[in-house]
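The domain 'NADP-dependent oxidoreductase' annotation in TrEMBL covers 19-276. The active site, proton donor annotation in TrEMBL covers 55. As annotated by TrEMBL, site 'Lowers pKa of active site Tyr' applies to 84. Taken from TrEMBL, the feature substrate binding site applies to 117.
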Ligand SMILES: NC(=O)c1ccc[n+]([C@@H]2O[C@H](COP(=O)([O-])OP(=O)(O)OC[C@H]3O[C@@H](n4cnc5c(N)ncnc54)[C@H](OP(=O)(O)O)[C@@H]3O)[C@@H](O)[C@H]2O)c1
């Protein structure tokens with residue numbers, strides 16, 4: 001475990017790093033960019049990587065992790081890697097083989113976290129068309145529990161579940177493991193306050209995606225909607241705390257007990273976003289300066305106050 005990172009305890013006793021590196025990208029962007037970006041992220045200090053079968057980059061993420069293991073930067077146990085069960089594999093007999101296929105792509109023996117990606121099921125019909133399917137979510141969950149028992153997923157959870165769907169799992173007769181988390185869209189324009197309170201009351205960690213306002217894919221996002229990182233309140237807070245709006249948006253989640261994902265393929269943004277973890281280092285720097293002030297009287301009150309201003 002990296003002591004510089006914030007970790008959040010899961011209800012199964014394991015720990016998840018508070019900041020995760022998102023690996024969804026539009027299909028037109030070459031997959032090799034994911035390998036490059038994931039390597040940069042690991043070098044920069046990220047230890048939590050969020051992936052999914054549906055992103056079609058499990059091979060590239062696995063390649064990046066293995067290359068950082070090979071050069072001695074990390075060990076496999078330092079990395080917290082998530083994947084997700086796609087909706088066409090909800091039928092209980094397909095769940096474990098779907099995870100095994102993902103593991104083969106990663107070249108991993110296990111994932112740290114396996115999630116049900118969405119609370120609805122799909123299947124491919126006789127004409128090759130993908131249509132909705134009816135699969136009992138509780139049966140999907142039982143198949144997920146078997147993946148944990150088989151050691152293929154260290155922890156299991158859900159994504160995009162509302163309160164009612166979570167309750168369905170929590171109230172399932174014979175429940176063996178509670179979901180450790182619910183990964184949902186969550187940002188300053190949609191802060192999921194009620195769902196967060198519910199999750200906290202059940203000791204389920206809320207993991208936020210879209211925290212930076214999403215990639216604004218034309219397919220899903222109305223291009224005339226406000227750009228989150230241009231928000232004037234975020235801008236004012238960023239100015240006050242001498243941070244970027246992105247760091248304020250990420251810090252907001254960590255400070256309310258939410259694990260947060262941040263995606264970027266740009267080196268400067270990847271390196272900037274990990275600075276959200278800077279608080280521990282900032283406090284250490286503050287203590288050192290304080291000590292120096294007391295013992296040597298070298299630090300003027302004015303510069304001490306300036307340091308206070310940059311530490312959260
Ligand atoms: N469970 C689910 O159903 C689900 C759904 C969606 C996402 N996710 C996960 O959550 C991850 C994150 O969500 P997301 O991909 O929607 O996007 P996001 O993290 O909200 O935003 C990503 C965009 O913000 C911009 N950005 C990043 N760092 C920045 C910085 N420091 N300054 C300015 N702009 C910055 C980048 O755009 P530019 O590159 O253009 O600058 C980037 O494309 C995904 O990658 C995926 O792993 C899960």
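Keep in mind that glycine also has a Cβ here, set from the backbone N, Cα and C atoms.
Around residue 84 (site 'Lowers pKa of active site Tyr'), the C-beta neighbours below 8 angstroms that are at least 6 residues distant in the chain are 51, 52, 53, 54, 114, 115, 116, 117, 159. Every protein chain considered, the tally of other Cβ atoms within 10 Å of the Cβ of the residue listed as 'active site, proton donor' stands at 21. Other Cβ atoms within 10 Å of the Cβ of the residue listed as 'substrate binding site', summed over all protein chains shown, number 21. Confidence across the domain 'NADP-dependent oxidoreductase' (19-276), taken as the mean pLDDT and rounded to a whole number, stands at 98.
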